[in-house]
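Colleague: Take this structure, written in structure tokens, and hold onto it; I'll ask about it next.
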Amino acid sequence: MSSMWSEYTIGGVKIYFPYKAYPSQLAMMNSILRGLNSKQHCLLESPTGSGKSLALLCSALAWQQSLSGKPADEGVSEKAEVQLSCCCACHSKDFTNNDMNQGTSRHFNYPSTPPSERNGTSSTCQDSPEKTTLAAKLSAKKQASIYRDENDDFQVEKKRIRPLETTQQIRKRHCFGTEVHNLDAKVDSGKTVKLNSPLEKINSFSPQKPPGHCSRCCCSTKQGNSQESSNTIKKDHTGKSKIPKIYFGTRTHKQIAQITRELRRTAYSGVPMTILSSRDHTCVHPEVVGNFNRNEKCMELLDGKNGKSCYFYHGVHKISDQHTLQTFQGMCKAWDIEELVSLGKKLKACPYYTARELIQDADIIFCPYNYLLDAQIRESMDLNLKEQVVILDEAHNIEDCARESASYSVTEVQLRFARDELDSMVNNNIRKKDHEPLRAVCCSLINWLEANAEYLVERDYESACKIWSGNEMLLTLHKMGITTATFPILQGHFSAVLQKEEKISPIYGKEEAREVPVISASTQIMLKGLFMVLDYLFRQNSRFADDYKIAIQQTYSWTNQIDISDKNGLLVLPKNKKRSRQKTAVHVLNFWCLNPAVAFSDINGKVQTIVLTSGTLSPMKSFSSELGVTFTIQLEANHIIKNSQVWVGTIGSGPKGRNLCATFQNTETFEFQDEVGALLLSVCQTVSQGILCFLPSYKLLEKLKERWLSTGLWHNLELVKTVIVEPQGGEKTNFDELLQVYYDAIKYKGEKDGALLVAVCRGKVSEGLDFSDDNARAVITIGIPFPNVKDLQVELKRQYNDHHSKLRGLLPGRQWYEIQAYRALNQALGRCIRHRNDWGALILVDDRFRNNPSRYISGLSKWVRQQIQHHSTFESALESLAEFSKKHQKVLNVSIKDRTNIQDNESTLEVTSLKYSTSPYLLEAASHLSPENFVEDEAKICVQELQCPKIITKNSPLPSSIISRKEKNDPVFLEEAGKAEKIVISRSTSPTFNKQTKRVSWSSFNSLGQYFTGKIPKATPELGSSENSASSPPRFKTEKMESKTVLPFTDKCESSNLTVNTSFGSCPQSETIISSLKIDATLTRKNHSEHPLCSEEALDPDIELSLVSEEDKQSTSNRDFETEAEDESIYFTPELYDPEDTDEEKNDLAETDRGNRLANNSDCILAKDLFEIRTIKEVDSAREVKAEDCIDTKLNGILHIEESKIDDIDGNVKTTWINELELGKTHEIEIKNFKPSPSKNKGMFPGFK
């Protein structure tokens, strides 16, 4: 292994790490390997920013590869060296024209291989060894399809007339899951052929002529490899899998993208992998993408009801194995789901089914962790977790997710729709014996709903409910005829109606095959959910019945009144008539699981090892009892930062001395709301850059916003910072755009000092988003985010825990309730301090923290508990906070340039250039650098050279000037301090987000019991009471880029920064010193007076800044940066930039756009893609430009300034200057015409200017 990796041997397993591991990472890897080697479960907490993901990936993959005895960097090369022959029919030895002329049917199969070898490593095929892969079937099917329009998104399936066959000659064909439509088969007239019987083999076809060239088969994509070769590597003589797969689950798809980026930087980046995702993220079909319910639409297309099927689905075989994906498609390193989607679009192959097919040879499978907990999703994805390793990252919400996975809710409207559809099937004599019992189930539930709707108890305004225990519901189900004995029969009927069949019947003298209709996708989904929860209720002699509560809830919704035609069938509507709305009662039947161990029972006892990790697992004592899993290995790791890097304090009173206790009663008062607003304003004036403020609920957020708008405090906040509010609900794209406005306001701050983002605990902002460096210099939490005590599910859960706390060891209801609050609070606090060199303040506003610390502090994360300080008065807290912020801000302004010579502590891959972005993202570029090399020298600025930098500045002193910060790929430009004036760009007001059933009559139905006559006992089985069941506790089984060294001055407002262009050439490394860079005192004082938001500490006129570029004395592997742009995507920043315009293009644009004025667009938000300055003719030498107000982002950015033209290295600099745009100055400026995007204005409040 190359020396570029740090090597550790833990528990006999050799681990290659991309840098010197932190102590917390070593502790995590040690715990993980102990659990994997001993097949025990792990519960590990490591603070956010401590490198938890890398420790998980490296240790688990190193352990997995140690079982096969191959090094980490040889896994892919071994597979690539295996030469696999094509197994298609056109290459088989026994394929002859005589066979085709005789019209005999042929199997396009792999060479004869024992099933155990062919499918041994697939976790999805361990229980069914004869299962054939989807790619093999589709490849064979592609050969049989001769007339296909390659440019059409659909293929019309051709029907073939076959000779009548005897029963022994019937060729049953396997359907690739319940969602897939296959080619038709012909049998004796009037007979029915099942297309997805479990006993079927792969498809058989009888083409009328030999298949074409290999372009029709998998050889066309150089995919002709059989799965046996890679499988036999991992098989012993018994055919059983020796090496477990790793299922890596996390909370969201965005977090999966972050994990795969981490994997790409390790020695294990070439490991075979796949990412399971929903159709919302992977479907590329144009008809499905625009559909609201993509699952149902996809299933309808695959059914091919209109004679058409999804063409993307039939191209899955092109990229459905790891060898093809890595060797021929160039995805040899860890990839993201977006890359697979792009490849699927290019090759017309469905990414959704491709990802599922890649499971077979994958060593690690990434997915949202509800894919592993939800029984329906596991069945749909065909996941078998037996003897596998399950790692669940960000698992602080795993209890809630497990409860939701075992719960189900269905509306009365859905039940009626399903009943009517099933009734239509019965009336048309379509598989009547199977549809009738299912119809009876729906009818029984509807009648029971209607009968109990009159006895609902009112809880809140326009809401009522009634609750039953699980045992009471079992008695009700038994009266309906649904019992432990009849339920398996119902499951059999349901499986039968999902099978696709064809009926052969003579039409006009010819025999035609017609597909037997099946119930709609929506009815299938509803019945699957209902049968899933009934299965839990009846499982193991109703073991989990006491863990359920069944509730009927009634709410009201406003719907448009239906227009009814007259007796003649005419419908007359007045031209200006407003459609009337009516209030309609909505009934919902809920099956609520109160015990997360129910869902975990499918996993616990089957998997080899479960690893739960998060940065906020505290308090950890509830996981074992709630999940029913014994975590023998537990760890609470320390943070990697120093105590001086974080300020943690509690504040119990506001600026006016009023007590701040955020209980429900207090938050309703104007005094509390005004005091919180004054506190927030003071913190915004004290801490620069980005501030996050988290509130307990959206309801409180709306109250505070309304109050602050009426009192004018909101306006005062907007004078200091750009104020943005997290929207409740809404589209994801709208939220991403709003978040981009927040990042831009910090990155390109103008007259305002950063931004304030007001959000809600448990909302989108508090979970899974990274606010490193300037994006979150302070996190303020108001109150303690307890769940809504009046919520029915919260109330039932508290009662459940109180009832079972002694018998099952569960936490009492009150403790469980408080733990939910602290987990949400810890998640919000975790948005700050995202890497080792980050710093920030955590401000907990509530008097309860100080008055009762033993109760309210114990639930916080360990690293927060260790540093928390209680402040008796607001003044003392603000003074301490100001000192902390000033100290770090001053160090930041001088030391940003020092970060450039620090070893990248998380990436040592060799590259040829550095990429810098502006202030908030400079720190991200050096976010994980080793602190050993950190030099805090305010007099000298060290710039580390990679290869051969050429500094275009000479060693002679420069004139007093302001050298502005620039974006990554933009040229450097220099600006003299006395020749320009500050440009003020105001932000405009942005609007807030604006958000945006059919009842069928039924006559009668027959009892469900008649469908089981003679099959089941009619006596009612004895069901234990809730007390009896409680007494027996259940058993829980490189692209080149210019490098810019940014050297900001020490002024707090960062009104000017120094940018030095560093280009890499072939000359030897050298040292260039910029010395004696002095700032004119008079000019500095003038600049200070022009900045209303500046602190009193102006830039010291005697400070001398020097630029030193030294030879790197460390190995290249210890100082290289990774050039991939994905590290910045978590900030939603642009990753691509437009190329520079030529001189001719600039002149053309100047002539076209002449005459437009920037002042006409001064109300636009300071965001991206607004306008671009091309030429500025006149220069006022008495004014200074504030450079950071006009930073160029050509792709989405604000002002694009004409590049400085540097002609020679002797310092002869020709610069295009920026002029004053205010007060009727006679400057001539040419800008691009533009129209601000409305999406950029969403989420902003009135008065935002």
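In case you wondered, yes, glycine gets a Cβ from its N, Cα and C as well.
For reference, Swiss-Prot lists these features for the protein:
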DOMAIN    11-442  domain 'Helicase ATP-binding'
COMPBIAS  102-127  compositional bias 'Polar residues'
REGION    102-131  region 'Disordered'
MOTIF     158-175  motif 'Nuclear localization signal'
BINDING   A185, K186, V187, D188, S189, G190, K191, T192  ATP binding site
BINDING   C283, C298, C310, C350  [4Fe-4S] cluster binding site
MOTIF     393-396  motif 'DEAH box'
MOD_RES   S505  phosphoserine
MOD_RES   S927  phosphoserine
MOD_RES   S930  phosphoserine
MOD_RES   S956  phosphoserine
MOD_RES   S990  phosphoserine
MOD_RES   S1004  phosphoserine
REGION    1018-1042  region 'Disordered'
COMPBIAS  1023-1032  compositional bias 'Polar residues'
MOD_RES   S1032  phosphoserine
REGION    1108-1127  region 'Disordered'
COMPBIAS  1110-1122  compositional bias 'Basic and acidic residues'
MOD_RES   S1237  phosphoserine
MOD_RES   K1249  N6-acetyllysine
Colleague: Sequence gap of 6 or more, C-beta under 8 Å: which same-chain residues meet both conditions with respect to C283 ([4Fe-4S] cluster binding site)?
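Modeller: In sequence order, the residues whose Cβ lies under 8 Å from that of C283 ([4Fe-4S] cluster binding site) (at least 6 apart) are V289, R294, C298, C350, P351, Y352.
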Colleague: If the [4Fe-4S] cluster site is taken as the center of the Cβ atoms of C283, C298, C310, C350, which further residues of that chain fall within 8 Å of it by their Cβ?
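Modeller: Once C283, C298, C310, C350 are set aside, the remaining close residues are R279, V284, H285, V288, L301, L302, F312, Y313, Y352, Y353.
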Colleague: Other Cβ atoms within 10 Å is the metric here; tell me which of the binding-site residues C298, C310, C350 scores highest.
Modeller: C350
Colleague: How would DSSP class C350 ([4Fe-4S] cluster binding site) in three states?
Modeller: coil
Colleague: Look up C283 ([4Fe-4S] cluster binding site) in the DSSP assignment and report helix, strand or coil.
Modeller: coil
